[in-house]
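What Swiss-Prot annotates here:
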DISULFID  CYS102-CYS180  disulfide bond
CARBOHYD  ASN16  N-linked glycosylation site
TOPO_DOM  1-32  topological domain 'Extracellular'
TOPO_DOM  60-68  topological domain 'Cytoplasmic'
TOPO_DOM  90-103  topological domain 'Extracellular'
TOPO_DOM  126-143  topological domain 'Cytoplasmic'
TOPO_DOM  165-187  topological domain 'Extracellular'
TOPO_DOM  216-231  topological domain 'Cytoplasmic'
TOPO_DOM  260-275  topological domain 'Extracellular'
TOPO_DOM  294-342  topological domain 'Cytoplasmic'
TRANSMEM  33-59  transmembrane segment
TRANSMEM  69-89  transmembrane segment
TRANSMEM  104-125  transmembrane segment
TRANSMEM  144-164  transmembrane segment
TRANSMEM  188-215  transmembrane segment
TRANSMEM  232-259  transmembrane segment
TRANSMEM  276-293  transmembrane segment
Amino acid sequence: MAEHDYHEDYGFNSFNDSSQEEHQDFLQFSKVFLPCMYLVVFVCGLVGNSLVLVISIFYHKLQSLTDVFLVNLPLADLVFVCTLPFWAYAGIHEWVFGQVMCKSLLGIYTINFYTSMLILTCITVDRFIVVVKATKAYNQQAKRMTWGKVTSLLIWVISLLVSLPQIIYGNVFNLDKLICGYHDEAISTVVLATQMTLGFFLPLLTMIVCYSVIIKTLLHAGGFQKHRSLKIIFLVMAVFLLTQMPFNLMKLIRSTHWEYYAMTSFHYTIMVTEAIAYLRACLNPVLYAFVSLKFRKNFWKLVKDIGCLPYLGVSHQWKSSEDNSKTFSASHNVEATSMFQL
């Protein structure tokens, strides 16, 4: 895909026949592995993020600042996964969609990468404020909602500006086959440094600091809500690290050790870790919606409204879920300070 061009000549032509054969085997493997991975992420991400959008807009109706951020998160991931079929086709065959489409998809990919990561950071900061400064957050809900909408807009604008180099320098190149990418080493270095800072290290540092304080605060709270919140926090951190750290470490190694470009095993590692990183588009709906009782309640409402399951078969389960949700949401202040709504 746009992150790494596996068909570029990194010195393989100067190696022996054995190295050439290994590289050809790798290219054949990438033609199968990457398109399959892209299509799996596309299908799962399309269904999951569409559900989150529909339920958030038409059922939950943006009642909190977290909801404002959560609408932008699946929207960014939804646009991202819609580009994957194009990359899957290009991985199997070659780029046949033209230069304008190439620039557009490179821009969409990059914009949504930054947008998703910055939104995750904003959600983390919001949870920090709600948990650590609960009373102040509750008394300033109107201001926080306005701040959230302005911040969401700024995130999209910043992401667009940061993505301009890839949009401008993105092009179609004719190597062994037509590929879409950007082919300027200076631009690639700048883009990589910016991406590593905004897309990984800054969110990671923010999440570590904020969640450390959140955990310390919740450990003094006690009760069921404390344990539930800690589980969600650890899940968020674990999935973020497991999906993003391997690929970002490989990109860092790639930018500082050019000798690895001639190693087929390095290309395998880059490809696999890249695919794992894209799984975030599927996992985000699970992390930020499916663990919520409110979401499950609204999901059963959606199922009932569209009639995709027999009414008698789900009515009792939906009613039970609704009653449980009412029980847990009896105290607005408890819910607002618990991370539980995530």
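Including glycine, each Cβ sits where the backbone N, Cα and C put it.
As a whole-number mean, the pLDDT of the topological domain 'Extracellular' (90-103) in this prediction is 91. Within the same chain, residues 1, 30-31, 34-35, 38, 167-168, 170-172, 177-180 sit at least 6 positions outside the topological domain 'Extracellular' (90-103) and bring their C-beta atoms closer than 8 Å to a C-beta of that stretch.
Across the topological domain 'Cytoplasmic' (60-68), DSSP helix (H, G, I), strand (E, B) and coil residues number 5 helix, 0 strand, 4 coil. DSSP gives CYS180 (disulfide bond) a strand state. Under DSSP, CYS102 (disulfide bond) is assigned to a helix (H, G or I) in the three-state scheme. Packing against the topological domain 'Cytoplasmic' (60-68) from elsewhere in the chain are residues 123, 126-127, 130, 141, 144-145, 147-149, 152, 294-295, 298, 336, 341-342: each is 6 or more residues past its ends and has a CB under 8 Å from a CB in it. Residue counts for the topological domain 'Extracellular' (260-275) under DSSP, helix first, then strand, then coil, are 15 helix, 0 strand, 1 coil.
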